[in-house]
Amino acid sequence: MSSRLRIPLWLLLPTTALVYFVTTVSTQITCRDCTNRGCFCVGEKGSMGIPGPQGPPGAQGIRGFPGPEGLPGPKGQKGSQGPPGPQGIKGDRGIIGVPGFPGNDGANGRPGEPGPPGAPGWDGCNGTDGAPGVPGLPGPPGMPGFPGPPGVPGMKGEPAIGYAGAPGEKGDAGMPGMPGLPGPPGRDGFPGEKGDRGDVGQAGPRGPPGEAGPPGNPGIGSIGPKGDPGEQGPRGPQGPPGPVPSTGAKGTIIGPEGAPGMKGEKGDPGEAGPRGFPGTPGVAGQPGLPGMKGEKGLSGPAGPRGKEGRPGLPGPPGFKGDRGLDGLPGVPGLPGQKGEAGFPGRDGAKGARGPPGPPGGGEFSDGPPGPPGLPGREGQPGPPGADGYPGPPGPQGPQGLPGGPGLPGLPGLEGLPGPKGEKGDSGIPGAPGVQGPPGLAGPPGAKGEPGPRGVDGQSIPGLPGKDGRPGLDGLPGRKGEMGLPGVRGPPGDSLNGLPGPPGPRGPQGPKGYDGRDGAPGLPGIPGPKGDRGGTCAFCAHGAKGEKGDAGYAGLPGPQGERGLPGIPGATGAPGDDGLPGAPGRPGPPGPPGQDGLPGLPGQKGEPTQLTLRPGPPGYPGQKGETGFPGPRGQEGLPGKPGIVGAPGLPGPPGPKGEPGLTGLPEKPGKDGIPGLPGLKGEPGYGQPGMPGLPGMKGDAGLPGLPGLPGAVGPMGPPVPESQLRPGPPGKDGLPGLPGPKGEAGFPGAPGLQGPAGLPGLPGMKGNPGLPGAPGLAGLPGIPGEKGIAGKPGLPGLTGAKGEAGYPGQPGLPGPKGEPGPSTTGPPGPPGFPGLKGKDGIPGAPGLPGLEGQRGLPGVPGQKGEIGLPGLAGAPGFPGAKGEPGLPGLPGKEGPQGPPGQPGAPGFPGQKGDEGLPGLPGVSGMKGDTGLPGVPGLAGPPGQPGFPGQKGQPGFPGVAGAKGEAGLPGLPGAPGQKGEQGLAGLPGIPGMKGAPGIPGAPGQDGLPGLPGVKGDRGFNGLPGEKGEPGPAARDGEKGEPGLPGQPGLRGPQGPPGLPGLPGLKGDEGQPGYGAPGLMGEKGLPGLPGKPGRPGAPGPKGLDGAPGFPGLKGEAGLPGAPGLPGQDGLPGLPGQKGESGFPGQPGLVGPPGLPGKMGAPGIRGEKGDAGLPGLPGERGLDGLPGQKGEAGFPGAPGLPGPVGPKGSAGAPGFPGLKGEPGLPGLEGQPGPRGMKGEAGLPGAPGRDGLPGLPGMKGEAGLPGLPGQPGKSITGPKGNAGLPGLPGKDGLPGLPGLKGEPGKPGYAGAAGIKGEPGLPGIPGAKGEPGLSGIPGKRGNDGIPGKPGPAGLPGLPGMKGESGLPGPQGPAGLPGLPGLKGEPGLPGFPGQKGETGFPGQPGIPGLPGMKGDSGYPGAPGRDGAPGKQGEPGPMGPPGAQPIVQRGEKGEMGPMGAPGIRGEKGLPGLDGLPGPSGPPGFAGAKGRDGFPGQPGMPGEKGAPGLPGFPGIEGIPGPPGLPGPSGPPGPPGPSYKDGFLLVKHSQTSEVPQCPPGMVKLWDGYSLLYIEGNEKSHNQDLGHAGSCLSRFSTMPFLFCDVNNVCNYASRNDKSYWLSTTAPIPMMPVSEGGIEPYISRCAVCEAPANVIAVHSQTIQIPNCPNGWNSLWIGYSFAMHTGAGAEGGGQSLSSPGSCLEDFRATPFIECNGARGTCHYFANKFSFWLTTIEDDQQFRIPESETLKAGSLRTRVSRCQVCIRSPDVQPYRG
């Protein structure tokens, strides 16, 4: 209960006392007697007496009814602890408990008593031999022995004396004697016969190259047809294996859970809960970084006009300004006052005879002439008059300025070849390349525009919605009204400034002086025919009247079209001699000067009036630089093909040539080679120039930053309530800024997995993204064409006659003067900054810069996310003593503790019940001597007896009375664990203990929830230097890093190369000078230009062929020729490296359609193209075979349902069509059965990234519609969409339209090709964290199923919750050129640049001061029609109420035929027409050069069968052929495993098929037990490697992986043994590779047990030889062995450590010392049944005792023995 209901006890006590007090005061009645002893009288009633004393308490009343329940009283205090309850009844026997933990080892027991003697032992071993005894007596002599062996031959005896005997027989041949000395050389023998031809000797060394032979005769021939394709080669080896999967993370895998149940139905919505309490305000965030500079705001309203300032001091006179641009022509004024009489004009031509005049004064006499008539109306401007006669020659004018370069002359004669020049500069970048093929389809497009407005809903007001998130800033408002004119700026810089824009039209000047009479006007247009005069048959003609006044000058006519160039005029008469010049002496010719900077192009010179004759041919000029491509010439005759020369060395750069003529637009060329990066230029000086003329409309830029909201406008007038209706729902606001980071929510419960939805429709177009990074500056646009001139304005009012004007404008420029001297002037002042140049071609990457200085500390970052829990830290120092904590809740039952210290003696307990008699105890040790007892009574002394033997222990006596408590006993053995007692009272908090020893680190817990982002810590101390790590191997190429921070600004580079010539400057004003003196007659002039080429002469006779000339210089690139015919298709080249993506070229104009090329070889099936425009209908073709499936067309409008047709006759079966294109993506089918495991595919190569697509061509202009009626009719039906029209002039921004209705959902589009990576999108809203799913088992990748039928378009889905933020994508390729953005803000003024290096010679100097005013020039030609004026203000907005949609009106009358439209764009090429008639036979061409030898031709068609021949005579029998190859056999499924013992995959023996390859597994060890693999069986070749290729599972449906100390052992390679265990990618070089092959017969291993290689049995062939590997052991004496008949027992390579141990959980491998390999040894024949002699072999001699072996396969041609 709340504390408000508790009433304190001390408040109740006084109220009780008060009640008690009131009840005790009762009435007291006093009796007043009124009797008299005398008389009795009745007195009046007295007043009430005072109350009497309180009466005694009354008797106890009846028990009242129970009252209502009172308020609950206060909580009582805790009662004192009650006495312990009585002992409960003994409970039932419990079930057998879980076996307890083993107890601690007990203390050592006392030593036992000595045991009895043991049984007699076994007989001992024989003793050692005794010492030799004393020698005995000699025995008797023995028996005689056997005869001994014959003795050695004795010495030679003395010769006997006797007679000579008869000759003996011939003895045996003696031993061959020693070789004799060599004899002298003999004479030469006769020459022998010619011997047989000897064997071919070895090739000698390569001889020197021979001299070049004479050129051969030209061969005649043509390229032969392509040869047949060769036979299919043998199957290549299997490709490399796929990537090795990484070992999975440690963890415990829980068995599969059941399938989720069906999703329940959606429940009713619950009631709205109460509003929660307001949260506490969050912590104030750190101040944000300064934002970007905002857009310039809208102009504010004009302020009140300020006070007029005081007039300033007069400024100094400014510099003379440059000539401004020509102003716009003014409106023609009213005619001025009549001028003075002009010079008399030439007599006009005699006019036509007029009609007879009216009769004179009388009937027969002429009347007097009438007064002159009024001047006629202003005539229309007449046509231009004929050229006047040439005037007399004027005086020679002053020498003009040197003219600009003339038009390029005709090419001179070809000069002698110059010396080989140096390498030229890089050429001008070529025109953009040919438009590439359409790229891959891009990613899905952006969210589309909102659809049309839906049907108005019913206006039932809904509940008020929640406040939306604040929207983003709106787009910048419309342009405001023009502000007041700004303060006048400072005067411009006349020396260094650029010419400004044309100034505004000045006020009307004062009236000028009367001018001289003007030249006679142009003749007027003949007037209309006059009324017929009165007829007078007899009247004479009237006299000729006086000449009338000149009429008003006509209005200027519109500007005519530019005429064709006129014919050159006749030669004028020579002028008068000029004034004599100062006599000069011709100086010697100076040395040729360096090439000057290219001059600005001058004005076109006047046509010369001299008749030119071709001069003598000049010396050959130097070759100029390559000009721009000239106009496309006519197609020339084909020339003779020249001999292909060797490419020459690059020549030196020639001087700059004249600018070439602009070429015709052709197809854009390929991208040029990127140039070298230019050097950084110096910053220039100068003020910024005035804005240039407006260029053509650029493409829309990237969207600018959102502008600030405009100022709030004034409040509008209130709308009457009658017109208030709920408006249509507005568009969704822009998404608000992301709110502050919320508190971390609790993780939600995992939801059930819903069924897979149908594929959604394409989403709506997304909101515009944040502005991207600024793109590269585009190329400057081409200046726009001049707009159409407006109509002339109305004539102005007549001005008052003005005062004398200032001197007039200088006259027109004079004729082109003689060339001036060419001395180089002094360098001019620094030029103005040029326009921004085009972006250079990206340079080669620079060298890495020097290491920069350490940067300043950065701005503190935002608070980071909570990290994962760290590793256990080192134990900390003991903390200070803590405050005692509150008593905790009782803990769970703990395990039994060790025995405690002996307790203090307890109080004596009550006497217990008598126990059952115990078993007899073990006799105790002798006790210590007791205390002396009380002296007994003295007995009689007895005789001392002998000590008796120890008696048997007696039966236990009756239990005596309970004695006094003895001393505490020794500690007993630990008892069994008692049952859990009641929870005791919480103890008093103890003292804080000393800090314990730090415990062992616990196992890793689950990762915690993400914590609150912590503050940034301080930088740690630098660590100690680590041990050197193992030698690194080259890692794989990493992902591209994020772009680095921009580096510091580098030092200033040297000045750049001179720029390209600038644009043509404005025309300068002509200078004025004093007339020079007459010069002497000059030297003869330069030879004139060559004349025009004459008409072509008749064809001459063929001359004799000349000698081949020297190789000429490479000519200028010719204009692109007409497209040639398609050549034969080349052989496919090798796949090139991916090039860098080129810059997208400009879209070129469409080229002329090329000729139809020869049909190419049928290419591979291409990707599906976009559907083309329908062409015109061609002629009906012959019926073709069934074509390939076409692309799906756009869905048509549904047609009306037709009547059901009758069944047709069954058709013939058609030919089998080509497989169709893959259909649209179908609905997901039911889950299929698990497929068989497929073979792992070879990894594919990376595809080339697609090029960005080009901007598409403009479409065809739409057809003009019929003119509509101007009355606002009812709304008609929507027409069919027209073809897109040409771009119109940009209109004024229209009024904001009403939102459209939502459109129908479109059909699902065709699945696009994967697009290029887009620009990273804006950061999405943080999504709700999903519950981490359980890790599924890896399935075997199935084969891709067939695409299903396309699904129906699904309903439009609800917007999903924002997903979690994805990782930052790689930077995408540059996107397509964006639309031009809103104009950016002007940047801040940059720092002043460093002074630059001295510049190259500047342009010609500034214009000098003005000369004296010249004589007024002649009237100029009428100006061109002025530009149209600015758009007037918009008219008043008509108030138009939206009418109802009317019925469709009747068909209108056909309109008037419109004017002929502009010619349309070239159409798409139509279908090929029928072949034309064969043309006439052309002339014979020149014989061509011999072609390259053609490839082997295809075999010809078989010839016609010849005439049957006469049968020939029978031939001789041929020799018997070799035995044929064995017939086809079927593989019997024998498997052979080959281990390479290297990191290379072995090849199968010839004739065998490789089934798979992998890694050589020897055995595995789990739970301290090993399992061996026979290396000859396929199970020893695992296709994937892992240090832990298995996991183990127990009976609890739990499997554990990489959680124990299990191991795997693999055959290893010859890689050197590492010092430390290797891990991850470092393991691969140590694991042997293997291949499993299918053999045609059985395979065995034979062992020789010697160092000789054994032979295979008869009928068996050898596969490989090796060493006999028998057994192996590893950790814990576990291991295995090989069957000696298996090929796995014969390893090709011997090494003492043929395998490596890998620890599964750690993921490392190493050669440990307890690994042993066992090999068969060599056994000699005589050592078979002997005791082996121990022997130790050192490195280098190990193979001397290892048995050799051979693996054999049964020959397929051996017939099995059939008994």
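Including glycine, each Cβ sits where the backbone N, Cα and C put it.
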If you look at what Swiss-Prot says, which of Cys1690, Cys1702, Cys1709, Cys1752 makes a disulfide link with Cys1749? Cys1690
In Swiss-Prot's disulfide listing, Cys1637 is paired with one of Cys1548, Cys1702, Cys1709. Which one? Cys1548
Of the residue ranges 27-42, 1579-1594, 1643-1658, 1707-1722, which one carries the region '7S domain' annotation in Swiss-Prot? 27-42
Taking just the CA atoms, what is the gap between Cys1637 (disulfide bond) and Cys1581 (disulfide bond) in Å? 11
DSSP on Cys1581 (disulfide bond), three-state: which is it? strand
From disulfide-bonded residues Cys1548, Cys1581, Cys1593, Cys1656, Cys1709, the one whose Cα lies nearest Cys1749 (disulfide bond): Cys1656
Neighbourhood of Cys1593 (disulfide bond), C-beta criterion under 8 angstroms, separation at least six: Cys1599, Asn1600
Hey, how far is Cys1709 (disulfide bond) from Cys1581 (disulfide bond), Cα to Cα, in Å? 18
What is the interatomic distance between the Cα atoms of Cys1702 (disulfide bond) and Asn126 (N-linked glycosylation site), given in whole Å? 54
Work out how many Å separate Cys1581 (disulfide bond) and Cys1752 (disulfide bond) at their Cα atoms, rounded off. 20
How many helix, strand and coil residues does the compositional bias 'Basic and acidic residues' (190-199) contain under DSSP? 0 helix, 0 strand, 10 coil
Of the disulfide-bonded residues listed here (Cys1548, Cys1634, Cys1656, Cys1690), which is spatially closest to Asn126 (N-linked glycosylation site) when Cα positions are compared? Cys1690
Who sits close to Cys1690 (disulfide bond): which same-chain residues at least 6 apart have their Cβ under 8 Å from its Cβ? Ala1645, His1647, Trp1664, Ile1665, Gly1666, Tyr1667, Ser1668, Phe1669, Cys1749, Gln1750, Val1751
Per 10 Å Cβ neighbour count, which of the disulfide-bonded residues Cys1548, Cys1581, Cys1599 ranks highest? Cys1581
Could you round the CA separation between Cys1752 (disulfide bond) and Cys1634 (disulfide bond) to a whole angstrom and send it over? 18
For Cys1749 (disulfide bond), just count the other CB atoms lying within 10 A of its CB, please. 26
